[in-house]
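Everything on this sheet refers to the single structure shown next.
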Amino acid sequence: ALASPGDDSKSFRLLPTGRCMDSNWLPILDDGGCRIAAQALGLADIVPQITSIADRPEGCYFFTNTEELSLTLWLNTSPMSRGNGAQETDVSPKGYRQPLCKNPSLAQ
């Protein structure tokens, strides 16, 4: 899938579905990068909590908890999570996990 025109002007995006790599964008795997992306996107939480869970999204992601109505930023450091994308979960804690992705032009 190609990024739509206009997306390239953005440095970061919050992904509702799929994986960063599906649109040739990159996951964010470090604490500082996660904070910068969250600030740029205007998210409600900009300080990631560190987790290491194999079946969560890879790297930096934003969790909308539909049970507690909370919004939290996470950084998943588990090597087993590589390649995991956005999630919608019906098991507690219920909600949406959306990866933050960075434009590959930033990596050069």
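Every residue number used here counts from 1 along the chain in the order it is shown.
The backbone N, Cα and C atoms fix where each Cβ goes, glycine too.
Some features that TrEMBL has for this protein:
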type	residues	note
COMPBIAS	81-90	compositional bias 'Polar residues'
REGION	81-108	region 'Disordered'
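Per DSSP, the secondary structure of the region 'Disordered' (81-108) breaks down as 5 helix, 11 strand, 12 coil.
Residues 15-22, 53-59, 61, 96-99 of the same chain lie 6+ residues outside the compositional bias 'Polar residues' (81-90) yet bring a C-beta within less than 8 angstroms of a C-beta in it.
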